[in-house]
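> Below, the features straight out of TrEMBL:
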- Lys36: active site, proton acceptor (ACT_SITE)
- Lys36: N6-(pyridoxal phosphate)lysine (MOD_RES)
- Arg133, Met313: substrate binding site (BINDING)
- 244-375: domain 'Alanine racemase C-terminal' (DOMAIN)
- Tyr265: active site, proton acceptor (ACT_SITE)
Amino acid sequence: MTIEYNKLKVRVNLDNLRHNLRVFKKLHDNVIPVIKSDAYGHGLAEVARALKGEAETFAVGFVNEASLLRRSGCEARIFALLGPQDEADYAALWDDRVLTAFGQMGQLEEAARLAQDRGPLDIGLKFDTGMRRLGFLPEEADEVVAFLKANPALNPVMVTSHLALADEPARKEAVDRQASRFSRAVDTLRGAGFDVEANLANSAGSMGHEACRHDSLRLGISLYGGNPYYGTEWAGLGEDLKPAMEVSAPVMQVHALKKGEGISYGWTHVAERDSMVAVIGVGYADNYSRGLSNTGQVNIAGRRAPILGRVCMQMCAVDVTDILGEGTPVVPGDRAWLLGGPGEGYISPDELAGWWGTITYEVFCLLGMNPREYL
Ligand code: PLP
């Protein structure tokens, strides 16, 4: 769902996406951009189009995302990580040429039944090596092989799994354990004569765990310039990545707030000095979290303006006393940057996520639901 009526603008720099992908291609020549959830809020079809020719495969989550992408004109291989959920999904595997990750015997049985009419199908297999969400256990690999041998219309071409702790450098041992459980599943399939692509690493796994790189990387958050090591130091390539999303909203009114006056619902901020405030046209209805009340900042003309009081449904107020005091004008119609923006006031995804009490993934997905424009 896109929020259509508001004044927020999300700007996506497609060159930065291409740049970030190329940074990861220094690690591996086969990088699969993960563009699920509307490309983490950056736009499914737009991002795929921008990366056309740069990647052989794109990954999405659900099969219906893959169908949307196929119908937008994408001709590359599309890998739906979450497997078929319903009848429409199964039909789309053939109709929209979707490769998906099967992780339960019931799914394989249904696909084998349909293949009798629909013909052969390339499939992916998902193994649960430690995330404990979806997939076969590596111990079940022999059973999977036996089923596939008995149902040759299903042709496994990809084996995947997801790392639970790749973003925590101190817990490398757990990543190694997952990698070795993954190898066990891959070896079983290859030992049975199946020529499968082994695909394990996400952004953090690609950067920090060479042993997880296998035949391809799945690049999600760092494609968008986000740091997967939230709360910890960047590892490896981090400093080369460029965030692609910037978000701004209009200044609606600028006025004085006298010392001792409260502002916004609940007067949770009371001015400690005679101040100047700018009212900004963004609020929680635009997915700008109410949790940013009294903690977040915006960037106006390259300078920081702290949020005063509660973030409301469509507005919030910020302190521009110091910006005006330096002689920089702030007037209605100016843009206030919630993410990115000019000069020293640049707000990084990590910083915004920190004030918000979340991770950059959620910041991108939520703010990205607003109207977007592309550079
Ligand atoms: N693979 C799967 C199965 C995922 O769920 C995700 C993201 O959640 C990714 C890959 C990409 O991970 P990241 O965004 O950390 O690179």
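Every residue, even glycine, has its Cβ placed from backbone N, Cα and C.
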> Under the DSSP assignment, what numbers of helix, strand and coil residues are found in the domain 'Alanine racemase C-terminal' (244-375)?
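With helix first, then strand, then coil, the domain 'Alanine racemase C-terminal' (244-375) has 33 helix, 47 strand, 52 coil.
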> Whole-number Å only: compute the distance from the Cα of Tyr265 (active site, proton acceptor) to the Cα of Lys36 (active site, proton acceptor).
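Spelling it out, the Cα of Tyr265 (active site, proton acceptor) and the Cα of Lys36 (active site, proton acceptor) are 37 Å apart.
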> Can you tell me how far the Cα of Arg133 (substrate binding site) sits from the Cα of Lys36 (active site, proton acceptor), in Å?
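Each residue's Cα considered, Arg133 (substrate binding site) and Lys36 (active site, proton acceptor) end up 17 Å apart.
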> Which one, from the recorded positions Lys36, Arg133, has the smallest tally of other C-beta atoms lying within 10 Å of its C-beta?
Arg133
> How many Å lie between the Cα of Met313 (substrate binding site) and the Cα of Lys36 (active site, proton acceptor)?
28
> Per DSSP, to which secondary structure element type does Lys36 (active site, proton acceptor) belong, with helix, strand and coil as the options?
helix
> Around Tyr265 (active site, proton acceptor), how many other C-beta atoms are within 10 angstroms of its C-beta?
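I get 12 for this one.
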